[in-house]
Structures are given as C-alpha cells and as structure tokens.
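S.K.: Below are the structure tokens for one structure; questions will follow.
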Amino acid sequence: GGSHVRSTLKGAESGIAAMAACYQRFDPASYLKYNYTPPRADFERKDSIVPWKLACLHRAFTEGDVSGELLVDIGSGPTLYQVLSGCEVFNKVILTDFLEINRQELRRWLRDEGGYNLDWTPYMEYVCKLEGRRYAWSEKAAKLRKVVKDVLPIDVHCPQPMAPDALPSGGADCLVSSFCLESVSPDLAAFNRALGHIGSLLRPGGHLLLIGALDESYYLGGPGVKIPVVPLNEAQVCASLKERGYTLMRLEVYTLPQDMRVGVDDVTGVFFVKAKKV
Ligand code: SAM
C-alpha cells in the first residue's frame, strides 16, 4: 500500500543522501593522482588504462555516425580527457559536475589561470597522435578552450538533472559519461534510474558514450575517503541500457593488469559502451 511505497522512496533517498555526504570529502588533487598518473596513465604502455579509454573515445567519435552541435559530459569531475576527441566533432561542449570544487578545477584549466592539479599535455599529445598528428597539442588545448562553453552543476539522481534552461529544449546530440553513474549510486536500482534521468538530456537518436567500472565496490576519493560503488557486470549494464531506452551499438571490456591494481579501488575491469537513444 501507500506506506510501503513511501518507505521505499525514503530508503532510496537516504542512500542517495549518504552518497552525497561521502562526496563532500572528495579531493580532486588526490583523485587525479590516483587515477591519472602512471601506471594508470602510462602513454608508453598499450595496456595502460588511460590510453585504452582514449583509444575507445577516439574510435567512437571518428566512426562518422556521431554528430551534431552539442556534446554534454555528465559528471566530469576534475578531468578533461573524456572530451579530447569529442571537441573536434562538436562546436559546443558542456562539462558538468555535482561538486563546485571539481567545476573550479576545470575552470582553472579552461581559463588558463594556472594552479590546476594535473598537466593534461601528455593526454593532448596522445590524442593528437591518435588523430594522425594533424595538430600540435597546443592547438588541441586551444580547441578545447574554445568549444567548452560552460561548466554546470548536475545531479543525476534528479529526474531533471540540470537547470531547466541549461540545454536547448531538444536536448544534447551526444552524451559522454565516465565513471560517474556507478560511483554515485547506492545500488543498481539507483544506477538504472540515473541512466534514465540523463537520457532526458539527450535528443532521440543521439548517442551515449558510457565508460565505467566493472565489479568495483569502492574507490578512494582522497586519503581515507572510501566512496562506495555499485558493483556492475556486463549483463547488468546491457540490461539497464535496454530498460532505459537505449540501443546498444558496441560494448568493449578492458581487464586491469595486476600492476594497475594499485590499492586506490577494487576495480577489475572497465566497460566502454556506444549506445543510441531510441
Ligand atoms: N568523469 C571523471 C572521470 O572520468 O574520472 C570523474 C568521475 S568520479 C569517479 C565521479 C564524479 O561524480 C565526481 O566528480 C563527483 O563529484 C560526481 N558526482 C557525485 N555525485 C553526483 C551526482 N549526484 N550527480 C552527478 N555527478 C555526481
């Protein structure tokens, strides 16, 4: 009856509130160091996780089917790597995050103010190389600074995750989201709903490029800041996409080599999905 529905909703809300509380202790500098320096970002190694992600994104954006005006990155965090390929295809890119501290980190880089916590140069060099060295990394930086139009707040647990006037009414032409939904959701049901919520930001026929962790139960958002993660398997990711109105076009899986398991999380693999909104 009604009281059961109410208590279920309350349960969902408290799980989400607990996640939001965890994120108040998120430290961008530590997170960047844990995940975006060697061995996880070793551009000399083909089996390093960051080069794998960059290659997946490069391929997805150069296959010819992803196009339009506006690309939105969901839960950008303090990172820029996930839009380095997309910024060549879209004239407008919007970055988003739940935390002001992450939005500030991104703005410092975009405004070229200095004081940011990671040097993105090797990332830009690597993506330029994937693109056939058509540009120097400095041109990639200039391009990114030109096309990123805004860095906006988002909450994927809200049915309307962004401010009502943040995006054009038809929605974005493409969404990218990396390691966001599973690392902000208290359980699979919340992950599922979040996938539906972000779909409302995407136009019908638009693409979703989703990158995430497999079998992960926590990661460190800073020293001693253990953030719980919904452990996902490939079948669950596919089922959620289908349930929330996406057609799966490609799923790729990366398995973490033993020496990339450096104690900052318990992830065993990473999935990359290219999907289309029905
Ligand atoms: N996309 C980046 C990457 O690939 O490394 C960051 C991923 S980080 C694991 C998860 C991000 O989700 C954090 O930046 C955090 O601030 C953000 N976040 C936390 N709660 C959120 C929410 N309710 N809605 C959207 N993003 C949220």
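Note: Cβ is positioned from N, Cα and C throughout, glycine not excepted.
Annotations for this protein, taken from TrEMBL, read as follows:
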{"type": "BINDING", "residues": "TYR31, TYR36, GLY75, SER76, TYR81, ASP97, ASN102, ASP155, VAL156", "note": "S-adenosyl-L-methionine binding site"}
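Give me the structural setting of these features: burial, nearby parts and distances.
M.R.: Counting every protein chain shown, 22 other Cβ atoms lie within 10 Å of the Cβ of ASN102 (S-adenosyl-L-methionine binding site). The DSSP secondary structure for ASN102 (S-adenosyl-L-methionine binding site) is helix.
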S.K.: Determine the Cβ neighbour count for TYR81 (S-adenosyl-L-methionine binding site): the number of other Cβ atoms within 10 Å of its Cβ.
M.R.: 19
S.K.: For the S-adenosyl-L-methionine site made of TYR31, TYR36, GLY75, SER76, TYR81, ASP97, ASN102, ASP155, VAL156, how many Å separate the two farthest Cα atoms?
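M.R.: For the residues that bind S-adenosyl-L-methionine, the greatest Cα distance is 24 Å.
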S.K.: Given the binding-site residues TYR31, GLY75, TYR81, return the subset with CB under 6 A from an atom of ligand 1, ordered by sequence, or none if empty.
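M.R.: Near the molecule: GLY75.
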S.K.: Given a separation of at least six residues and a C-beta threshold under 8 Å, show me what packs close to VAL156 (S-adenosyl-L-methionine binding site) in the same chain.
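M.R.: Correct list: ILE74, GLY75, PHE98, CYS180, LEU181, VAL184, ALA194, HIS197, ILE198.
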